[in-house]
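For reference, the structure is listed below as structure tokens.
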């Protein structure tokens with residue numbers, strides 16, 4: 001903060017705040033780099049780190065001994081670049097990107113206007129309002145894209161809220177600027193004191209020392225949660241079909257079973273799958289399994305939890321679904337697999353058997369699986385390519401990972 005042609009007029013307290021803030025932001029940026037180092041595919045972390053680095057450099061430029069015009073111009077270049085990197089990171093996290101034309105227009109407009117208010121017509125409030133308004137509009141545009149994204153997870157909401165909060169804090173500076181007693185430029189210590197006591201500076205201090213660091217900490221937490229959830233998803237995912245594996249299905253189904261007043265468990269097992277593998281080869285057998293998995297996840301029923309819990313055995317939990325609807329759905333799947341799978345190779349007819357067991361919120365997953373498993377066993381013994389609905393109460397105990405008498409019949 002200095003005269004266009006004179007030495008610096010800088011508050012000692014401001015310098016201390018800038019230094020401490022830079023150290024804090026640098027620490028956050030380093031953590032983003034570490035996250036990116038662990039998962040190189042998470043490019044949003046690198047953009048967030050870059051935004052912090054460029055922003056910190058722009059802030060430090062304001063305290064370098066030079067003219068106000070030059071320092072403001074340097075800051076006027078670095079600040080919008082940092083905000084573009086922040087916006088790009090927010091969008092890349094959810095698979096989007098900033099349009100190049102938007103980036104170009106934003107940078108050219110911001111840099112040009114700030115340069116004009118630094119050299120052609122020096123005006124402190126003009127530079128501040130330009131940067132705040134332009135950045136707030138950019139972030140609100142990003143927030144609109146984030147809001148339109150479906151589905152929204154907890155991390156998605158956290159990223160959206162932090163983005164809107166930062167935009168609002170910058171926009172507050174624009175609102176209070178006309179009502180703030182701000183000198184045209186800071187040329188003397190008295191000008192500096194006047195500016196430091198203004199409502200405009202108070203808004204800026206809150207934005208850059210409270211809201212911005214809080215936003216970056218939130219985004220760091222969101223990025224780490226994203227990484228952990230992806231690792232968990234990989235752990236719980238069946239590589240061939242993309243469905244949940246046994247572990248993942250059990251974890252998800254137990255949670256859903258407790259919250260749903262009624263549910264239906266459907267176990268499906270491919271008939272004579274060894275013969276399918278022998279006839280079509282392992283690649284053909286894998287294609288049949290993949291096709292079956294796709295059928296199990298297609299509409300109309302939403303909210304289902306589908307897992308591959310054995311070689312050719314699949315489990316489907318249908319929460320908030322009545323038994324008649326579940327039977328109708330299973331029957332449609334049975335017809336589709338019998339009619340569609342032969343096209344995969346060899347013209348061989350492929351069928352599946354189904355065991356169905358109803359449940360309520362008091363049902364235990366292991367007991368429910370045992371009941372559905374017994375129904376499936378009856379379907380196998382009854383000639384296969386059919387559906388059997390359990391008519392007996394769930395047993396007192398069972399073991400998801402154990403074998404039972406029905407296993408030998410599943411061929």
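Start at 1 and count along the chain as shown; that gives each residue its number.
For all residues, glycine too, the Cβ spot is worked out from N, Cα and C.
No curator has checked TrEMBL annotations; they are predicted automatically.
Copied over from TrEMBL:
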COMPBIAS  388-397  compositional bias 'Polar residues'
DOMAIN    261-392  domain 'GGDEF'
REGION    388-411  region 'Disordered'
TRANSMEM  14-38  transmembrane segment
TRANSMEM  45-64  transmembrane segment
TRANSMEM  70-91  transmembrane segment
TRANSMEM  103-122  transmembrane segment
TRANSMEM  128-147  transmembrane segment
TRANSMEM  159-182  transmembrane segment
TRANSMEM  202-225  transmembrane segment
The domain 'GGDEF' (261-392) [mean pLDDT, rounded to integer]: 89
Chain residues outside the transmembrane segment (70-91) and at least six past its termini with a C-beta under 8 angstroms from it: 1-2, 43-48, 50-52, 54-55, 57-59, 61-62, 64, 97-98, 103, 106-107, 110-111, 114-115, 117-119, 127, 131, 134-135, 138-139, 141-142, 145-146, 159, 163, 219
The domain 'GGDEF' (261-392), counted residue by residue under DSSP: helix, strand, coil: 64 helix, 32 strand, 36 coil
Distant-in-sequence neighbours of the transmembrane segment (103-122), which means Cβ under 8 A and at least six residues beyond its ends: 4, 68-70, 72-73, 75-77, 79-81, 84, 88, 130-131, 134, 138, 184-185
Within-chain partners of the transmembrane segment (128-147) [C-beta distance under 8 Å, separation at least 6 from its ends]: 76, 79-80, 83-84, 86-87, 90-91, 94, 96, 98, 102, 106, 109-110, 113-114, 117, 156, 159-160, 163-164, 166-168, 170-171, 173-174, 177, 200, 204, 207
Beyond the flanks of the transmembrane segment (159-182) by at least 6 residues, Cβ under 8 Å: 90, 93, 124-125, 128-129, 132-133, 135-136, 139-140, 142-143, 146-147, 152, 194-195, 198-201, 203-204, 206-207, 210-212, 214-215, 218-219, 222
